[in-house]
Amino acid sequence: MNARPKKSFGQHFLHEKRYIERIVGAIAPQADDRVVEIGPGEGALTLPLLAAAGRLTAIELDTDLIPALQARASAVGTLEIIHADVLKVDLTAMARRLGVPRVRLAGNLPYYISSPILFHCVEHAGAIGDMHFMLQKEVVDRMAAEPGSKVYGRLSVMLQLACRVEPLFTVPPGAFRPPPKVDSAVVRLVPLAAHERHGTDPQRLHAIVKAAFAQRRKTLANGLKGLLDADAIARAGIDPKARAETLAPGDFVRLATLEH
Ligand code: SAM
């Protein structure tokens with residue numbers, strides 16, 4: 001299988017066996033799991049995952065890759081390939097259709113839309129048991145960053161309010177064909193249980209987090225103009241002159257819960 005990788009689809013095919021084994025080992029799929037893979041490509045992860053789980057659903061945008069993958073999978077297990085843009089797939093409905101409360105997500109993600117995919121998964125966190133994703137290392141660093149860090153921002157806050165973020169290991173460019181320009185990393189995300197999740201309106205929360213980090217040098221009161229005034233911010237026990245990067249994820253929940 002040597003299709004010419006398409007840049008426009010973010011195709012970097014994983015070929016180094018030891019990384020494939022480490023990823024599949026981290027996922028450790030069980031026979032009863034309903035694993036859903038995002039972007040199976042030529043099947044580097046698909047086939048070993050299928051061998052372990054017996055069945056698998058994969059979502060692939062590039063039609064050209066589907067017939068060969070389907071053919072290779074037939075001897076291994078039951079592979080359902082959905083030809084779609086993952087951002088348009090209702091993952092909650094998919095779990096229902098597969099007959100489980102939660103699916104397990106996996107994928108070596110297309111890097112050009114990795115943040116939108118992560119936000120999409122957060123929206124469906126209630127129907128997801130866990131996620132194992134390969135991403136640019138820089139994105140994994142941002143997801144796991146703590147307040148005060150230079151890379152702490154919107155992605156850190158939104159991901160940490162929805163999931164436990166567990167960076168696993170780094171993967172060098174040479175493990176892929178063609179090699180990407182940057183290091184990659186594998187991360188495990190485990191959605192928080194219902195009682196641990198914030199009950200705030202997610203759209204309001206997202207608007208506040210986005211505005212607060214849009215201009216990192218501004219004070220919170222300046223960044224949140226039009227959304228919350230300085231008095232309201234102070235009512236939440238937060239200094240209106242503070243910078244967004246010093247606030248813990250829970251502080252943003254408090255801001256989003258304020259009357260406005
Ligand atoms: N899993 C394979 C591997 O590890 O070798 C391929 C990984 S490659 C980085 C990303 C894959 O995602 C490609 O197969 C690409 O066609 C697919 N893809 C790109 N955009 C997509 C989208 N919006 N929805 C679903 N799949 C997408």
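Just so you know, glycine gets a Cβ as well, placed from its N, Cα and C.
Here the structure is a predicted model, which means the values were calculated and not measured.
Annotated features in TrEMBL:
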BINDING   His12, Leu14, Gly39, Glu60, Asp85, Asn108  S-adenosyl-L-methionine binding site
DOMAIN    19-193  domain 'Ribosomal RNA adenine methylase transferase N-terminal'
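Mapped onto three states, the DSSP output places Leu14 (S-adenosyl-L-methionine binding site) in strand. The sparsest Cβ neighbourhood within 10 Å, among the listed binding-site residues (Glu60, Asp85), is found at Asp85. In sequence order, Gly10, Ile59, Glu60, Leu61, Val86, Gly107, Asn108, Leu109, Pro110 constitute the residues six or more apart from Gly39 (S-adenosyl-L-methionine binding site) in its chain with CB-CB distances below 8 Å. The binding-site residues under consideration are His12, Leu14, Asn108. Their Cβ neighbour counts within 10 Å are lowest for Leu14. Binding residues for S-adenosyl-L-methionine (His12, Leu14, Gly39, Glu60, Asp85, Asn108) extend across at most 20 Å, taking the greatest CA-CA distance.
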